[in-house]
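Quick notes on the structure that follows.
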Amino acid sequence: MQKANKHTISFITLSVLLILCFFLNISLGSISIPNKEIINVLFGSAKNLSWQYIIIDYRLPKAFTAIIVGSGLGISGLMMQTLFRNPLAGPFVLGITSGASLGVAIVTMGASLLGGVMVGVLASKWSIVIAATLGSFLVLLTVLIVSTKVRDSMAILIIGLMFGSISAAVVNVLSYFSSAEELQQYFFWGFGSLGNLSWNELLILFALYSLGILLSLGTIKTLNTLLLGENYAKSLGLNIKHSRLLIITSTSLLAGTITAFTGPIAFIGLAIPHITRQVFNTSNHKTLLPAVFLFGAIVMLICDSIAQLPTSDYTLPINAITSLIGAPVVIWLLIRKRKMMF
Amino acid sequence: MKTNKSHTILKTKNLSIGYTSKKEETIIASNINIELKKGELVGLIGANGVGKSTLLKTLTKVQKALQGHVFINDKDLLKYNAIDLAKVLSLVLTEQISSKNLSVLELVALGRQPYTNWIGNLSKNDTTIVNEALNLTNIKDLKHKKCFELSDGQLQKVMISRALAQDTDLIILDEPTTHLDMYHKAYILKLLQKLAKETNKTILFSSHEIDLAIQLCDKLIVMSNGHVVSDTSTNLISKGTFATLFPKDLIIFNEKTASFKVKKE
């Protein structure tokens, strides 16, 4: 019972921290808005209309996106690490990013190859989202079909990596034939961005994300059983193929849609589960899943606040910030605890 | 709990085991007829490569039988679905568990998975059974230790405790004494004997500890060159079965001491 109490305290602390980070995130930006005014805007009694516009239509959706991205990528990373019994696995091992980048590369760089008329249609923002979604889902579908034929989960991991290499090679070939402008557009997508979503887009992202989270809740018991290894899990009555399908579907829903809307975001999916395991000192997914949700959201909000470079006009690429801030944290944790836990 | 002791838990009927590839069938052993009763401790012995693992895999539905049938509690093994099988048969394997970050209590509690709800919460009954399993294997003091802190001998006790928590009529262990020192080999097998007696579960294990198995088991299954013989150890000794186990150039079976000795030059 003592342990349960300790976890309750950690969960309350993290929840409070999440709320604080949320307010910190919307209070920082290129234009400084007094805290009192921010609260006024949130309660619908704003006096300054441009401030209201900035907060309601820019900073709020961005903060919500950060929460969705952080928690979603964290949870899919957790599921992948347990499924593949590999602490280096993340949501992207299944070829999600490479599939998405392939889709985007075809739209941004392949457009000229397809003919000048298509350029205007293809290069719009929605087409990038759709191309990324299609790309990641096609790669995942292939991996899923293969996974029903393969007995060992490790083989799926390698197949995912191979698909990654193939997509990367195709992207390279495409970029060789592309103009500088097209290349730039592709690379901008690769920087990742939380700030481009309108409320409507956010709603679609949220709907798919919720479905992914619901499915992930259904995998908690399965993930705990898998901690024993696949043969023990089978002897406990677990249907390995069904469980694998459920876990991969949930991961692809989460990581696939998030990547489609925000671009690839490194580090979060790999590292958040590790940070959580170190802090909570457990491998029980009943504790880990909600904890990863909170940690992921908090870290993402902090990274986004830093990427904004408060009071300046610049926004740094979020994909770089997550690694710059996060990787040293993981290194420090591992050195301090001297142990990689899994 | 002390029901009719002659009740049969595991039975095979004209069982043939082996592998099938695209073109041919490789038969490892055929005509296997064994019968394990409730509360029996049974050792499976035989030389390396004689097919002990294949037999265990066939009995636990990991691998298909080439011919014949396996019955658990008078029901054909093929008719069990995964969850129902998990409620009558639990395993202790040679492979390591994936995550050693689990605490002993968590690991043993995972034995209750076939019975728990969708999220795996333990009921009062589940907790009682888990505690009982911890007590029976004398690992109550280790309860809050992490698995990576345990010695091989302790970890094996924990794995046996987990199988007990699964509360099945039959427990099958694949070489539970490998990697252990002489004392712990004897300790684990003695523990299995005690568990079979106290819980009235049928326990089948494969082992290379022939002399220990002869002393402790109610019955032995001896595999050699495609033949499978099952009987009590005294009967097997008088029949001279152990002498056929290995090639005779290095070691010979001494019937008086019931153990193998290196042949003198």
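The backbone N, Cα and C atoms fix where each Cβ goes, and this holds for glycine too.
Curation does not apply to TrEMBL; its annotations are automatic.
Annotation source TrEMBL lists transmembrane segment at A:63-80, A:92-114, A:126-147, A:154-177, A:183-199, A:206-227, A:247-275, A:287-308, A:314-335.
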Maximum Cβ pairs under 8 Å to the transmembrane segment (A:206-227) - stretch from the list A:92-114, A:183-199, A:247-275, A:287-308, A:314-335: A:247-275
Are there at least 3 C-beta pairs under 8 angstroms linking the transmembrane segment (A:63-80) and the transmembrane segment (A:287-308), leaving out pairs fewer than 6 apart in sequence? yes
Among A:63-80, A:154-177, A:183-199, A:247-275, A:314-335, the stretch with the most Cβ pairs under 8 Å to the transmembrane segment (A:126-147) is A:247-275
Please figure out which one of A:63-80, A:154-177, A:247-275, A:314-335 racks up the most CB pairs under 8 Å against the transmembrane segment (A:183-199). A:247-275
Give residue numbers and ranges for long-range contacts of the transmembrane segment (A:154-177): same chain, 6 or more residues beyond its ends, CB-CB under 8 A. 84, 86, 89, 92-95, 97-99, 101-102, 105-106, 109-110, 113, 135, 139, 142-143, 146-147, 183, 186, 244
